[in-house]
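Notes follow the structure.
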Amino acid sequence: MLDVDAEPGEGFQLLEQLYQNERLSQNPVIIYAERELSLDEQALLQRVGERLTVKEVRSQARLLDEAILFLHQVESKLAPDKQQMLQHMHEKKAIFKDKKILLVDDDVRNVFALVSMLEEKQMEVIVGENGVEALALLSQESDIDLVIMDIMMPEMDGYETMRKIREQSRFHQLPIIALTAKAMKGDKSKCIEAGANDYLT
């Protein structure tokens, strides 16, 4: 995919280089330009089209359509074992879809980064700023699939919160990942003892 207007002139220079390279010229090229191409640019596309497979698009929606079509064609030409590997990767990604995550953290920057990452994988995220809020949310939300628990928080820290969660029999199997900004000796074992299934820093 080549946005010919990202750096004026450079896009068509790169296209010329692809045309002249016998190995690289086997790859299809999608040209993205929101404007009308000049006569010289159209002539260049016509010339390189003798060797390169060139598709010209003028909208982001069409760009996405062409990219999906190309990727589908590439996948269909792969050996059966490679196709199976790709299918397995897609299935693993689907595991995360629609899972509900309780994120317990009082740091706005951490919350923003983690929520963005989790929602990108199509998970639903609810946020509590401390252990007290976390316990309240767990009592209100019966379908939480995973808890991500910061350790250093006001009012009730992560250790105490995890212990209180595990005291309730209905949460014995609820996965909890402890999260801390500093990796101190003994932190992991302390988190596991408090009730975490795993530990991230």
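Along the chain as shown, residues are numbered 1 onward.
Each residue, glycine too, has its Cβ placed from N, Cα and C.
Annotation comment: TrEMBL describes 100-201 as domain 'Response regulatory'.
Sequence-distant neighbours of Asp150 (4-aspartylphosphate): residues of the same chain at least 6 apart with a C-beta under 8 Å from its C-beta are Val104, Asp105, Asp106, Asp107, Asn110, Gly158, Leu179, Thr180. Residues or ranges marked as 4-aspartylphosphate in TrEMBL: Asp150.
Across the domain 'Response regulatory' (100-201), DSSP helix (H, G, I), strand (E, B) and coil residues number 43 helix, 22 strand, 37 coil.
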